[in-house]
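Read the structure below first, then the notes.
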Amino acid sequence: MAAESLPFSFGTLSSWELEAWYEDLQEVLSSDENGGTYVSPPGNEEEESKIFTTLDPASLAWLTEEEPEPAEVTSTSQSPHSPDSSQSSLAQEEEEEDQGRTRKRKQSGHSPARAGKQRMKEKEQENERKVAQLAEENERLKQEIERLTREVEATRRALIDRMVNLHQA
């Protein structure tokens, strides 16, 4: 079985993009409240043996910034007259909370992933400014070194001439 190639090469991604993708991946993997299993830190062998479960489409709606379709939400809920009504009411409350969070994220226009990407972008820009400042300082220091080198050479020549003149006199 051959592995598929990636649609991009790693060389084309900047460090802040990779960091933002990593943060997004960590958020998805650790989302215990959305129906996925919690990814435990290394060393917990019991948790490592569990298989990561797939999240339902309603809980992933915030990723695509689309509202879940009513058919998806109502198909997962049970009628209040069923024997499991206490469990279904809890599930409905959790779904309503998830939908409320989705709406809040849409209204505010800022998701944790976007905030992380924005921080990374700002950090990248700050690093670029620092690089420019350091390059400027480096150039200034090179010019200073050249000036001091010329001064040392002139002093050395003057000292040699003086020594030669002392021996001749």
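Any Cβ shown, glycine's included, is placed from N, Cα and C.
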In Swiss-Prot, one of 10-18, 154-162 is tagged region 'Interaction with TRIB3'. Which stretch would that be?
10-18
Could you give me the DSSP helix, strand and coil counts for the compositional bias 'Basic and acidic residues' (119-139)?
21 helix, 0 strand, 0 coil
Limited to the region 'Basic motif' (101-130), I'd like the whole-number average of pLDDT.
78
If you count the other CB atoms within 10 A of the CB of SER30 (phosphoserine), including all protein chains displayed, you should get 14
